[in-house]
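Trainee: Swiss-Prot feature annotations, pasted as is:
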| type | residues | note |
| --- | --- | --- |
| BINDING | Phe8, Ser9, Gly10, Gly11, Gln12, Asp13, Ser14, Thr15, Thr16, Cys17, Leu18 | ATP binding site |
| BINDING | Cys187, Cys196, Cys199, Cys202 | Zn(2+) binding site |
Amino acid sequence: MSKAVVVFSGGQDSTTCLIQALQHFDEVHGITFDYGQRHREEIEIAKTLASKLKLASHKVMDVTLLNELAISALTRDSIPVSNDLMDNGLPNTFVPGRNILFLTLAGIYAYQLGADVVITGVCETDFSGYPDCRNDFVKAMQAALEQGMDKKLTIQTPLMWLDKAETWALADKYQSLDLIRDETLTCYNGIKGDGCGTCPACLLRKRGLEEYLADKEAIQARLTAKC
């Protein structure tokens, strides 16, 4: 029996990965992390979607320790979300170590479940400047987890080389565009669906959807060439 663990935030990218995984694995398990994030509403969204999509299991893990260590606009309400980069060239929404921790815990969970695949929705094409969304990082994490647990483990990244328009096309391929558009939460300010319309996550999501809807056939062809 094939099993996969999906790092699942309840946002556009992870929900798209989850829906795809349900078509390819016998058992799909979701793992969601509560790190005291600014947009904590995403946790309830993830619970609702996990139930609706009938996952084999859905675990919500308390990792608020990360909030104590990682200072970011996503972990401190007192820091406004900015569209400008910080002096170090990173967005102020970057949470240091977040994906290191998430993939480590997802790998441990997969080990316990007897799953040999972890799926995450990170993307280097539209990666928002986050270093822990790059392909080299994911490969390094996979190697470390395999070495550390002495077990074959693959970290799949279905969106790694897709832009946001192609990610919308992927959702549409699985007849889930409306669900992704209306029922997921990507907004850094915690607003479901179209979101606030002004934070970096909402702007990226909106541009991608507009591009996809403007020329579905061409974007679907691009997606087919990549997948």
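Cβ atoms here come from the backbone N, Cα and C positions, even for glycine.
Tell me about the surroundings of these features in the structure.
Mentor: For Gly10 (ATP binding site), the same-chain residues that are 6 or more apart in sequence and have a Cβ closer than 8 Å to its Cβ are Thr32, Glu42, Ile43, Glu44, Ile45, Ala46, Lys47, Thr48, Leu49, Thr184, Leu185.
In the three-state DSSP scheme, Cys187 (Zn(2+) binding site) is classed as coil.
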Trainee: Are there residues of the same chain, six or more positions away from Phe8 (ATP binding site), whose CB falls under 8 angstroms from its CB, and which are they?
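Mentor: Correct list: Ser14, Thr15, Leu18, Gly30, Ile31, Thr32, Ala46, Leu49, Ala50, His58.
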Trainee: What's the number of neighbouring CB atoms sitting within 10 A of the CB on Gln12 (ATP binding site)?
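Mentor: Summing over all protein chains shown, Gln12 (ATP binding site) has 25 other Cβ atoms within 10 Å.
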Trainee: Rounded to the nearest angstrom, how far is the Cα of Gln12 (ATP binding site) from the Cα of Cys187 (Zn(2+) binding site)?
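Mentor: Taking the Cα atoms only, Cys187 (Zn(2+) binding site) lies 10 Å from Gln12 (ATP binding site).
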Trainee: So, three-state DSSP: helix, strand or coil for Cys199 (Zn(2+) binding site)?
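Mentor: Going by the DSSP assignment, Cys199 (Zn(2+) binding site) belongs to neither helix nor strand, so it counts as coil.
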Trainee: Where among the binding-site residues Leu18, Cys187, Cys196, Cys199, Cys202 do you find the Cβ with the fewest other Cβ atoms within 10 Å?
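Mentor: Fewest other Cβ atoms within 10 Å, among the binding-site residues Leu18, Cys187, Cys196, Cys199, Cys202, is found for Cys196.
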